[in-house]
Amino acid sequence: MQLSNIFLWLAAFFGVFYCRCVLCATYLGKQHWYEEAEKTLRKKLGPRSELGRARNLVLIVGDGLSLTTLTAARILKGQRLGQPGEDTLLAWEAFPALALAKTYNLDAQVGESSACATALLCGVKANFETVGLDGGGRFEDCFSSYNSRVESLLSWAQQEGKSTGIVTNTRVTHATPAALFAHSPSRYWEDDSKVPPNARKSCKDIARQLIEDEPGKHVNVLLGGGRRHWMPKMMKDVEQPNEEGRRQDGRNLIEEWLRDKKRKGSHAEYVYTRAQLHRINPVSTQNLLGLFAYSHMDFDADRDTGPDGDPSLAEMTIAALSILQKNTRGFFLFVEGGRIDHAHHYNNPYRALDETLALEAALLAVLSLVDQTETLIVVTSDHSHVMTMGGLSTPRGNSILGTDRKASDVDGLPYTTLLYGNGPGYAIPRLIPNNVANVTAAHDKNTVHGSAAPRHWSTHGGEDVPVYASGPLATALFTATVDQSFIPHAMAYSACIGPYKQRCEQSNFSYTIPNCIQDPRRERTRQRGTGAGVVLASSVMSDDNTPSCTHITLSNFCTISMVCILWFAVT
């Protein structure tokens, strides 16, 4: 064999290897998940869409809100009303649509908050502990974030002129809300002190992205905690003077946010107490920033309800809606009960269930204020937790935070109805509940329940989470088991935003689901007249066995190239 042929064979071998690697990355990227959403929409809706359009979107997320948590919170709600509890319903359980969502990450069987949030809010599966990036984003790899950024429901809503709001009782730069506006290879880069020195010139921290970049800088209402990531080092916190800011760049992002809004002629307000929030005039206020805590806001069970304390999740939701509803084009509101997750990590079901009921209060506020005929409301979770509920002899009405009526038949010791698969409740000999004969002790908010395996903090659970929906197209879109990444596509389809904008531009809402979903950024380029719209390639067949997109894809290009190289090699 000639030497040149040997080199050609080697080139073909490494070329095939390279193309396989590229194709793998492409498969895990944004295009794949958009196509998966397209196929799921076809299955649910058929070849043509149903009538109906959501003018407003509300997405309510209970962080760590597992099915077990829902059941236990339902019972606790009833028991607080003096009832047995088992036949009680939470507000979202009356919604007409129900689905299950798979919460795995691209590289993890059990989901993590920022990657799950990227799926839930951006419509693509992501890698563990990355946020706002598709499969090309790698943890703590700054440069991997350049070409892997994806848009969110927030972006799509703003592009159609809708008002947008974020409400959370965690830090506003925390893992879940960050997926709405940030693109970061690490969920932990909330301020510049967390960004590695060699990456600070190339990658912005999450707080900077929120006030400097789209879509964060256009958010109308932003309420939550996390002042520490907005303030410079050496600046004392207004409520906790023993704490100081964490920014190392010397910037005060709160003041910068206010200056930016003033420069744009917007009436903006910044608040940090409950009383200040209630004094806001929603008629004249166009932008509202509320940072009510140095880090996360307090659990509702511990919250200072006085005028200098913090508002509840429901109160923040009401304040947000009072501003967002002024927009005749509609709005998108995100509400997160983020501290359900934190209580579960402590193996503390009392606070986890109490936070779930606080989230329900926020939903009830939404239901009382919006027109439900034109508002799609979705309630779901980013991931599950390892809390279990069980017992052999637990009668109706037994305290959900109490114990089984019969002790273990192995060691003769009592055990609580709610237990954890792992976490801080592990002990040898195992923990003996202090509420066996004391009903009051059963409701001690600081009680840690037992676990099967020791960990400083309990882990997430990997099972599916429920998705409840009400409003336009809810019963058509939210059924069966879906990937979590389908949820924002379904919401966008209902509202005719993002990749599905053209659905409502057809007469009488008659719209055929396209074989190729267009990249909204390409569509904007085409509309500006700077170039032709680029249709994303598809390597799959549609459900009716018709080709999706027939132009040459990367797969075809690699195949053709390898055939050419091999032909020259053998000839």
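Glycine is no exception: its Cβ is also placed from the backbone N, Cα and C atoms.
Some features that TrEMBL has for this protein:
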BINDING   ASP63, ASP341, HIS345, ASP382, HIS383, HIS460  Zn(2+) binding site
BINDING   ASP63, HIS174, THR176, GLU336  Mg(2+) binding site
ACT_SITE  SER113  active site, phosphoserine intermediate
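Locations of recorded TrEMBL features on the structure.
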residue : record                                  : Cβ within 10 Å
ASP63   : Zn(2+) binding site                     : 29
SER113  : active site, phosphoserine intermediate : 24
HIS174  : Mg(2+) binding site                     : 26
THR176  : Mg(2+) binding site                     : 26
GLU336  : Mg(2+) binding site                     : 28
ASP341  : Zn(2+) binding site                     : 26
HIS345  : Zn(2+) binding site                     : 22
ASP382  : Zn(2+) binding site                     : 31
HIS383  : Zn(2+) binding site                     : 30
HIS460  : Zn(2+) binding site                     : 22
Residue from HIS345, ASP382, HIS383, HIS460 whose C-alpha is spatially nearest that of GLU336 (Mg(2+) binding site), among the binding-site residues: ASP382
Rounded distance in angstrom between the Cα atoms of HIS383 (Zn(2+) binding site) and THR176 (Mg(2+) binding site): 11
Length of the line joining the Cα atoms of ASP341 (Zn(2+) binding site) and THR176 (Mg(2+) binding site), in Å: 11
Environment of ASP63, ASP341, HIS345, ASP382, HIS383, HIS460, the listed Zn(2+) site - residues of the same chain whose CB lies within 8 A of the CB centroid: GLY64, SER113, CYS116, ILE340, HIS344, SER381, SER384, HIS385
Residue among recorded positions SER113, HIS174, THR176 with Cα closest to the Cα of HIS460 (Zn(2+) binding site): SER113
